[in-house]
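Student: Could you have a look at this structure, given as structure tokens, before my questions?
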Amino acid sequence: MALPVYYDKDIDLGVIQSLQVGIIGYGTQGEAQALNLRDSKVRVRIGLYQGSLSVSKAKKEGFEVLGVKELVQQSDVIMALLPDELHKEVLEKEVIPFLKEGQIIGFAHGFSVHFNQVVIPKGVGAILVAPKGPGSALREEYLKNKGLYHLIAIEQESSKNNAKAVALSYAKAMGGGRMGVLETSFKEECESDLFGEQAVLCGGLEAIVRMGFETLLKAGYPEELAYFECVHEVKLVADLLHYKGVEGLRKHISNTAEFGAIKAREPMGNLLEKRMQKILKKIQNGAFAKDFLLEKSLNYPRLNTERKALKETKIEQIGEILRAPFNHKK
């Protein structure tokens, strides 16, 4: 591997166990991290604003809940597990002014630091600890004595605590050392994560799925078949990719499918590459971040419009019917 990788045997769990951790936010990621840390014998408190709907849940699960300001003042390590677009207003008001030299503030995504939404005071460490998966998977894998890959990065050193040692120890406490903890930078994590979401995992995949579905519908094929071929079977391919890689996927599909994939890739390849380069450029030059923060400042008009319109599409209407048996089994 090009990146340095660390495992449980390389990391001292005692580093994070000796410190008081405060987690700001108690969504799926905050909850999973708090539970994993506690099960790893780490002292954890939760910071939430007054009136938060998560207060009762956190208390029910046995955590001490403080206001954000109080949490910052009483913690050695503060993890900001809030949505990216809220970092500036929350951290500037309730976190940054109360940080002291020697403390460490951590993030699960490099967005707000890389795009200068927050400025970390001198002497305060700034670390990234990013599990490569959602909170639900982070918790599930930990309970199975397994873990997710984690990324760590150091943006700024602490005047008191070794930031890298703290980041590694924190990742180990969440189960990351069981799988592997890779060291990168805020810039690389942020830009590659945004690119993956936009060009492949969310934007790219959704675009291909919806365009494929609509192409078959316009050609007169039944909605059910269009959904099966363009949406439903994505999971089968994704699972093969996840566990066996591209070559393994090729080995598990028919010659017809493999040859068809090669032929289809030829006309699509150049177009996709050019589009992806444009997407990456807008991420790198800050244009996407600017657009996203403007969207937030206007109360998400485009997101709200898109979400409402999506419910009325044929792909969602037939999908709801065909997914019903699977949801019922759960």
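Glycine is treated like the rest: Cβ placed from N, Cα and C.
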Student: Given that Swiss-Prot annotates TYR26, GLY27, THR28, GLN29, SER52, SER54 as NADP(+)-binding, name the residue from GLY135, GLY147, GLY175 that shares the site.
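Tutor: Site partner of TYR26, GLY27, THR28, GLN29, SER52, SER54 for NADP(+), according to Swiss-Prot: GLY135.
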Student: Of ASP193, GLU197, GLU229, GLU233, which of the binding-site residues has the most Cβ neighbours inside 10 Å?
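Tutor: The largest 10 Å Cβ neighbour count belongs to ASP193.
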Student: Using Cβ-Cβ distances, find the residues under 8 Å from HIS109 (active site) that belong to the same chain and are at least 6 apart in sequence, listing them in sequence order.
Tutor: ASP84, LEU128, ALA130, GLU189, CYS190, ASP193
Student: Go ahead and report the DSSP secondary structure tallies for the domain 'KARI C-terminal knotted' (185-329): helix first, then strand, then coil.
Tutor: 127 helix, 0 strand, 18 coil
Student: Inside 10 Å of the Cβ of SER254 (substrate binding site), count up the other Cβ atoms and send me the figure.
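Tutor: Excluding its own Cβ, SER254 (substrate binding site) sees 8 Cβ atoms within 10 Å.
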